[in-house]
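TrEMBL has this to say about the protein:
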- A:LYS200: active site, proton donor (ACT_SITE)
- A:LEU7, A:GLY8, A:TYR9, A:GLY10, A:THR11, A:VAL12, A:GLY13, A:SER14: NADP(+) binding site (BINDING)
- A:LYS100: NADPH binding site (BINDING)
- A:GLU185: L-homoserine binding site (BINDING)
- A:8-124: domain 'Aspartate/homoserine dehydrogenase NAD-binding' (DOMAIN)
- A:132-310: domain 'Homoserine dehydrogenase catalytic' (DOMAIN)
2 protein chains.
Amino acid sequence: MVNIAVLGYGTVGSGVVEVLNVNGDSINKRCGQEINVKYILDLRDFPGDPIQEKIVHDYNIVVNDPEVKIIVEVMGGVEPAYTFVKESILKGKSVCTSNKELVAKHGAELLELSKTKKVNFLFEASVGGGIPIIRPLNQSLTADEIEEITGILNGTTNYILTKMSNEGSDFDSVLKEAQMKGYAERNPQADIEGFDTCRKIAILSSLAFGMQVDFEDIYTEGITKITDADIKYAKAMGASIKLLGTSRKEQDHVYAMVAPMLIKPTHPLFSVNDVFNGIFVRGNVIGDVMFYGSGAGKLPTASAVVADVVDAAKHIGTNIMTLWSSKKLKLSDIKNAKHRFFVRIADNSDEMKEKVAYIFGHVEEVKAPGVDNEYAFITLQMSEEIYREKAINIDKIISIIRVMF
Amino acid sequence: MVNIAVLGYGTVGSGVVEVLNVNGDSINKRCGQEINVKYILDLRDFPGDPIQEKIVHDYNIVVNDPEVKIIVEVMGGVEPAYTFVKESILKGKSVCTSNKELVAKHGAELLELSKTKKVNFLFEASVGGGIPIIRPLNQSLTADEIEEITGILNGTTNYILTKMSNEGSDFDSVLKEAQMKGYAERNPQADIEGFDTCRKIAILSSLAFGMQVDFEDIYTEGITKITDADIKYAKAMGASIKLLGTSRKEQDHVYAMVAPMLIKPTHPLFSVNDVFNGIFVRGNVIGDVMFYGSGAGKLPTASAVVADVVDAAKHIGTNIMTLWSSKKLKLSDIKNAKHRFFVRIADNSDEMKEKVAYIFGHVEEVKAPGVDNEYAFITLQMSEEIYREKAINIDKIISIIRVMF
C-alpha cells in the first residue's frame, strides 16, 4: 500500500478522489499496490462527505508524516503550492501536480531537487488536461530533435472561437454565454489574453528543448480583438482562426509566441474544436504527430494526475529522468520570426491598393461576403520586423492575423 | 555504454541506424549513456556501407555475446523472429521490435518471459509507426478503464480511400498508382483485406483490456469492395469512409472488428487522411483522446524503435510492468454488435421502398449525384444479426457499410 495526500479539495482534487474510487481496482492492479488517500488538505471542512475524516488544515501534518510517499498538489497558483511542494520533495516525497503556474515558474528547480532526492516531480495534468503529452515528450519522442510544438492549449478560448465561427456571433456575446455555461471564468483575462496558453507553451518548450523557457519572455496576444468580420474572412479562405501557442527551432534559434493564427484544413489542429485541446509536434525523424483530447475538466484532468500517481508509485526510490535544465534558453527576438500576415485596411480605394502593392509587393486579396469598405489581403512571408517597417507607412490598418499556411 | 544488435538491415533496420547516427548526441543524453550498435544481423553483405564491419550472418554470435544488452528485432514475420527474440530474452537481453505479426501472436508470452528475466519486451513501433500509442496506453492511461479503441491503422488503405475520395477514382486504378509510388506493396492483400489492421487492433485491444485478444477471432473486412459510388454517397452525407479497426467494451462484453465505416467530421478520425494513422481512445474518466501521426515509413518507425531502445537502456535490470495476460479474452459474437447500416439496393421502385419500410421500419434515404437506379438508405441502430435477418428478405442488395454516427 502506498499512502498519498491530496493538497486542495477543489474541482481537480475531488476529481482525483473520485477517479481513485471509481477505478480503484484497475488502478491498484496497474500500480502493483493499493493507493490510499491518507490526508486531504483544505482550509474548508466537508461535513457529510465521506472524505471529511481525512481532511486536515495544517500542511505540517502531511509533510511530517513519513508514511505519505506521494503528494498530489492541485491547489493552483505559485504560493503556497511552491513552498509545500519543495518541502515535500526535501522530505523525500514524490509530487504530482496539475499546477501550470507552479511548473512554468519552478519546474526546472523542482525537477533537479527531485533528482537529488531520488523522488519524482510529475506534471502531466499541467498541460492539455487529460491528454498524454508530457510523458510522450519525455519518454516517447526521445529519438527525435523537436523542431516545432504548436498547440491549442486553452479550452475556453477554443470554445469561444469555435462558437464565433459556427454561429457568426461576436466575441462579447460568446464570452458571456461561455461564462454562463461555466466554460469561462468570471475573470477570464488569463484565458482570453493568452496568459494560460503562454505558461503551457513555456512548459512544453522547456521539455522539448531541455532548457528553461521563461513564460515572461514569450510574446503573447489573446483573442479579444478577433471580430466576426475576421471569422468571415477566415471562412472565405477555407481557414479557421485558432489561438496557438507555438515554439519553433530554426537552426540554433528558438522562437516562441502565443497569438491567434489562421490555419487550413490540412493542418492537424484545424479540426480541434470546442473545449478540446490539441498539441502538434514535429520531430526531425518522427515527422508530424498530434495529440488530441479534453484540455480541462474535472475528470480528464484528474485522470492525468492519477496516472502520474501510478507512475510515481511504480518508481518509488528511482528518479525518472527528465531533461529540463534550469539553464535559461534565450529565445530569439520575435522580430525575426517569419510568417505571412493577413491584413485588413479600412480603405478599399484603388489608391490604397496601389500603395499596398508598392509597399508589400505581391499580396493575395481576400474578400468576405458581408464585409465591405475594406481591403484585405495576405502578404508574402516576411519577418515581424519587416512587416512592421512596411505597415507603418499605411494608416487605417484595422488588424492583422498571422497565417500558418 | 550500452551495446545493441539490430536484427534485419531492411527499411526499418537501416532507419534505426540512421536515427542513431543523426540524433546520437541528444539520444545518448536522454539515455544517460552511449548507445553502440555492435552487430547487425542480415543474410546479405553491404560492401561499401560503413556498417559492413558490424554485419554478422549467424544469430548465435549475437545471442551469445553477453555484452549485447538490447536486441532490435526488425525482420518482420513470426519466424525466425520469434525464436531469436525468445532466446534473446532467455539470455537476459531486452528486445525492441516493430514486428506486429510477432507481437500479435506471441506478445503475452514474451512479456511474461521478460518479466521473469527482469528485462523488457517493447513494441511501440508495431502499431501506428512513429505515433506514441503503446507507451501512452501502458503508462499514461493507467487511471482509466478503456471503453473503446478505434484506429485508422493502415497507411496504404487510408491513402487509397483518401485518393478515391479526392479524385473520384475507382479502387483498382488508385491501388495501381499506390503500388507505383511505393505506398502499396506488390502483393497488397495484407493491407487491402484488412489483415494488417486486424493484427494492430488485436495488439491494442490486448493492452487496453489486459488479456490476450487473438487476431484470428476478429471479424475482418477490407476495402476491396468500396466503389466510387460509395464515395459519392459518403460525400452526399458529409461523411467519409475509413477502414477502422475497433474494439469496444459494453458491460462485460468486448466486440472487435475491422471494416470500412462511415464517419462524420465531428469524429476526431475524420480528418486523418493520406498515409497518416490516427488512434482514438475513449476512457471512462479521461473521455476522448486521439493520437495522430505517420503510421509507417522508415524514419517515423525507426524513431519509435529507438525511443524503445532508450527506454530499455534506462530500465536495464528492471521490468516495466505491462498488463497483457496470456489468458484469452473471449470476444463477444459480432452478431450482437450494434450499428446503423448504410444499404444500397439496385432497385429504386416504389415497391422496393415500401418493402424496405415494411422490413426495416424507419430508414433515412440517401441520394448521391451521379448515382442512379438505386435506393440507398441508413437504417436505425440494430445488431448485425437482426440486420442479416431482415436483409435476407431483400434481394438486389449491392452493398452495406457500417455507420459510426
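Cβ atoms are placed via backbone N, Cα and C, with glycine included.
Positions of the features from TrEMBL, shown on the structure.
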{"residue": "A:GLY8", "record": "NADP(+) binding site", "DSSP (3 states)": "coil"}
{"residue": "A:GLY13", "record": "NADP(+) binding site", "DSSP (3 states)": "helix"}
{"residue": "A:LYS100", "record": "NADPH binding site", "DSSP (3 states)": "helix"}
{"residue": "A:GLU185", "record": "L-homoserine binding site", "DSSP (3 states)": "coil"}
{"residue": "A:LYS200", "record": "active site, proton donor", "DSSP (3 states)": "helix"}
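A distance of 16 Å separates the Cα atom of A:VAL12 (NADP(+) binding site) from that of A:GLU185 (L-homoserine binding site). Nearest Cα neighbour of A:GLY8 (NADP(+) binding site) among the listed recorded positions (A:LYS100, A:GLU185, A:LYS200): A:LYS100. Between A:TYR9 (NADP(+) binding site) and the residue listed as 'active site, proton donor', the C-alpha separation comes to 23 Å.
Close to A:GLU185 (L-homoserine binding site) in the fold, though at least 6 residues off in sequence, lie A:THR156, A:GLN179, A:ASP191, each with a CB less than 8 Å from its CB.
Residue pair A:GLY13 (NADP(+) binding site) / A:LYS100 (NADPH binding site) shows a Cα separation of 15 Å. Annotation for the binding-site residues A:GLY8, A:GLY10, A:GLY13: lowest Cβ count within 10 Å of the residue's own Cβ, A:GLY10. Report note: the NADP(+) site is defined by A:LEU7, A:GLY8, A:TYR9, A:GLY10, A:THR11, A:VAL12, A:GLY13, A:SER14, and the residues of the same chain whose CB lies within 8 Å of the CB centroid of those residues, excluding them, are A:VAL6, A:GLY15, A:VAL16, A:ASP42, A:VAL74, A:MET75. Taking only the Cα positions, the spacing between A:GLY10 (NADP(+) binding site) and the residue listed as 'active site, proton donor' is 21 angstrom. Cα of A:THR11 (NADP(+) binding site) to Cα of A:LYS200 (active site, proton donor): a span of 20 Å. Sorted by the number of other CB atoms within 10 A, the recorded positions A:LYS100, A:LYS200 start with A:LYS100, the lowest. It is 7 Å from the Cα atom of A:LYS200 (active site, proton donor) to that of A:LYS100 (NADPH binding site). Model confidence over the domain 'Homoserine dehydrogenase catalytic' (A:132-310) is summarised by a mean pLDDT of 96.
Counting other CB atoms no more than 10 Å from each candidate's CB, the binding-site residues A:THR11, A:SER14 peak at A:SER14. The two recorded residues, A:LYS100 (NADPH binding site) and A:SER14 (NADP(+) binding site), have Cα atoms 18 Å apart. In sequence order, A:GLY13, A:LEU41, A:TYR59, A:VAL62, A:ILE71, A:VAL72, A:GLU73, A:VAL74, A:MET75, A:ALA81, A:PHE84 constitute the residues six or more apart from A:LEU7 (NADP(+) binding site) in its chain with CB-CB distances below 8 Å.
The binding-site residues examined here are A:TYR9, A:VAL12; by Cβ neighbour count within 10 Å, the least packed of them is A:TYR9.
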